[in-house]
C-alpha cells in the first residue's frame, strides 16, 4: 500500500512540475542538487585582501544586494571605487549612479578605475535613479551598479513640494518598492548592486545604539551583505596627516559567517594601502616575522618600521606577490591576483 501511495505521490508531483514548466517556462522550478541547479556563489574582490578574507568567499557576492554604510568621510565611496576597479580588471561592465552629484573622476582614476569604460548617471530624482538602476540590471550586460547614496534618492513629491513640507515615510516606501522590483532581476542577471548609505540618529533612545541608516528597513532585509565602515584614527607622516586608519565590520552576511572585522589604511590620493595590509595579515598568518620594529620574510629583512617595510614591498613586487599568495593559501582563497602585480605597486 505504501509503495502505491508513494508512486501516486510521485506521479502527482511530476504532473505539477510539468504544469509549472508549461506555464512559466523551463527552469522555473528544479531540484537543488540536479543539473543546471543554483551554482556556487561567485565573488568579486573588494580591493582589500583583509576584507576579502573577512567576507568568507573572497569578496562581495555577485547577483546580490550589498549595503555599505558609515559616518561622513569614513571611506564608503573609496571602498566602492576599489570594488569597481577590481571588477573592471576582470573585464566586467560597471555603472555608477551618482545621486549625490559628488564623484571626483580624478580620484577614481588614481584608485585604478577605467573612466572610459565606467557608465555614470547623475539623476534628478530618486525614482529616476532607481529606474535607471533597474534598466541596467535587467539588460543583463552590466556586472556591477553602485548607487551613491540612498540618502540622496529624493522622492519626486518631495522635490515638487515646498521646503518645509512634511513627507513622512515617502523615502522608505520608495526604497521598499524598489527592493521588491530589483531583487528578482538582480539574481537572474548576476549583477551586484551596491547601495552606499548614511547614518542618522534616532531621538530618545536610552539603551542600545541610537544610530540607524536612511531609507527605512527594506534595504536591511534585502541585502545579502552589510558593511559598517568607520574611521578609527589618523595616519601621520611626522606632523602631516597622510591617511585614515579604517575599520570595516561585516554586520550581515548571508553567504558566510558574519560579524568579522578588519582594519586597513586608506591613504589620501591612493586609496586602500595594499602593502600595509600585506604586512599586517602576513604577521597574523605567520608569513612575515616581526621582531621589535624589524619585519622579515624568510631570511630577508624587509625593513625597520612599518613605513620602511611598506616602501620595500612597493619596490620589490615579486616578494609582495609571494607574501600575498601565502596569505591567500593560509585562508583557502584562490591565487587569482598573481598575474597582475600592478595593483600591489600602486599602493
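Keep in mind that glycine also has a Cβ here, set from the backbone N, Cα and C atoms.
Note that this is a predicted model, so its numbers are computed, not measured.
For reference, Swiss-Prot has these:
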BINDING   70, 71, 72, 73, 74, 75, 76, 77  ATP binding site
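Feature annotations (Swiss-Prot) mapped to structure.
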residue	record	contacts (Cβ under 8 Å, 6+ apart)
70	ATP binding site	76, 199, 228, 229, 230
71	ATP binding site	199, 230, 231
72	ATP binding site	198
73	ATP binding site	231, 244
74	ATP binding site	229, 230, 231, 244, 246
75	ATP binding site	229, 231, 244, 246, 266
77	ATP binding site	103, 148, 196
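Other than the site residues 70, 71, 72, 73, 74, 75, 76, 77, same-chain residues with C-beta atoms no more than 8 angstroms from the centre of those residues' C-beta atoms, the ATP site, are 229, 230, 231. Every protein chain shown contributes to the tally, and the Cβ of residue 76 (ATP binding site) ends up with 21 other Cβ atoms within 10 Å.
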